[in-house]
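Asker: Supplied in structure tokens, the structure appears directly below.
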């Protein structure tokens, strides 16, 4: 594989393999995944109460090339992002203005409005637990440089709820290190070295955040509650966190859905301690559900969410921290002086500038000429609502017709963002579990998204923020797919090969 001077050429990836080599690597990869818990439950509906089979997660044969300097930048930015979102979540006035049901997005977005209204009612009653925990993931794409300039790092979004795939991403990185150790990838890319496979200890890092919250709660015998979706297929990603909590920190986990909690959860009338299952006190509520309106089909699920929020347990995330992760907040942060509002006293100007440089141009459709601007350059845009979980965005040629049908009152719920344009021609071999035909590796032109994980524990009387960057994730999708959520079936788990660009 050639390079331009010493620069990596993205369009020449992946290296060439013979059919026999590809078949061998695919076998090594799938058996390693099955042996090491890189797993999903199979797509069966309904899922049996006690699983009796599993399939390997969708994965890539090669790691994906990522510039060393930008990988370091993404990890460095995470500490600033951890602090930023901790500050946003405790700025009630800002969240009321941007996301509230009176002046903000919640006025036109029912889901956001329901969450905000519940939070407002609880504020009026009095919050008994000021501490909040965030397990975050900031997602990035490479943005191709103009005139043969090297790529830059651009943020896709910042996740404040149910930031998944930390545990499985660690195992995918280990899988690629194993493939290199056992085959050196048949010397198909001689420049590949062991040090180009960065360490990834996301499981321990995320659990460190959960354990910090549990320790701050400081009640002997308390447990951590994982709130999960019924029929969840990505259960092993969650279980690895549970096992790490028990083995390294002697902390027990209770797993329940909103519907189960409706009958099992109650609050101590004096202390508002959260009690589940007839006697277990909960120190920390970790939400792997509750990020999408489909998790709240009736008023009962909202009632359960507000019961959790009202409790003395530390929430991960709280409702304000979930609202802070809204796309509208991401867009409002681009306004002049807004970052300084949250970070001026704590972060040097150079770091604030680095953060700003990681953003594409964004605006609200409710702004003056916002819709007209979106129409004029629709081919260069993505429109985003206030939703997590994938499958919600509107791209390029679909935008004009969408705007035609969007009632003016609903514009406030949508932002326009210039599309990130990754380097052209990068490929990989993608492996999905399923039918016989789907089991073999498929070569495809791909786009790889880097996610960086972090945690923050904040909200105490001293105003301090404990935070840490704790690892990373790569999700790779075929270029024909606009969305990148692995659990929604559009992409595969991947890892990083550091390159010099």
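Each residue, glycine too, has its Cβ placed from N, Cα and C.
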Asker: Check TrEMBL: it lists 157, 159 as binding Mg(2+). Then name which of 367, 372, 388, 397 it lists for that same site.
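Answerer: Mg(2+) site check in TrEMBL: besides 157, 159, the record includes 388 out of 367, 372, 388, 397.
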Asker: Is residue 233 (substrate binding site) helix, strand or coil when read with DSSP?
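Answerer: Its secondary structure by DSSP: coil.
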Asker: Could you check which of the binding-site residues 385, 388, 391, 419, 477 is the closest Cα neighbour of residue 162 (substrate binding site)?
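Answerer: Minimum Cα distance from residue 162 (substrate binding site) across 385, 388, 391, 419, 477 lands on 388.
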Asker: Among all chains shown, work out which of the binding-site residues 385, 391 has the most CB atoms within 10 A of its CB.
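Answerer: That would be 385, with the highest Cβ count within 10 Å.
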Asker: Per DSSP, residue 477 (ATP binding site) is which: helix, strand or coil?
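Answerer: DSSP assigns residue 477 (ATP binding site) to strand.
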Asker: Using DSSP, what's the helix, strand and coil tally for the domain 'Glutathione synthase substrate-binding' (223-324)?
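Answerer: Tallied per class, the domain 'Glutathione synthase substrate-binding' (223-324) gives 43 helix, 26 strand, 33 coil.
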Asker: On average, what pLDDT score does this prediction assign to the domain 'Glutathione synthase substrate-binding' (223-324)?
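Answerer: When the pLDDT values over the domain 'Glutathione synthase substrate-binding' (223-324) are averaged, the result is 98.
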